[in-house]
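Undergrad: Sequence annotations record features per position, and here TrEMBL assigns compositional bias 'Basic and acidic residues' to 1-10. Per TrEMBL, the feature domain 'Mcm6 C-terminal winged-helix' maps to 1-112. Per TrEMBL, the feature region 'Disordered' maps to 1-26, 80-114. Sequence annotations record features per position, and here TrEMBL assigns compositional bias 'Polar residues' to 13-26.
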Amino acid sequence: MLVLRLREAESATPGSPGSQAPGSQALRSADLVDWYLAQREDAMHSEDDYAAEERLAKTVLNYLISVEGCVIAQRAAADFAEESDQPSDHPADQPSPSARGPVLMLHPNFAIDN
């Protein structure tokens, strides 16, 4: 489910595959987990269910990145600029992009079997 969402986001992104142009539809890890939780919302009946589903989604995502290698986690250029001494242009009430986790993309050699 997570891989299919990444594929969908990449196909909606203008430009060449894997390019992360400004304004593209790149997904960050927290955004992908939030999307998954929204899809599973009907099956969750308590906060414990929510926490378990969130933990499961993060574990599966880490497995896809670390073990399988079919998902690539990359830091965006904005994350590097944020670490420098430049003042931040993000509003205080919104988390910075780097707080949402790395930008995710599918490995170019990964094929989804139908």
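The backbone N, Cα and C atoms fix where each Cβ goes, glycine too.
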Undergrad: Let's see if you can do this one: DSSP helix, strand and coil counts over the compositional bias 'Basic and acidic residues' (1-10), in that order.
TA: 9 helix, 0 strand, 1 coil
Undergrad: Tell me, what is the mean pLDDT of the domain 'Mcm6 C-terminal winged-helix' (1-112)?
TA: 80
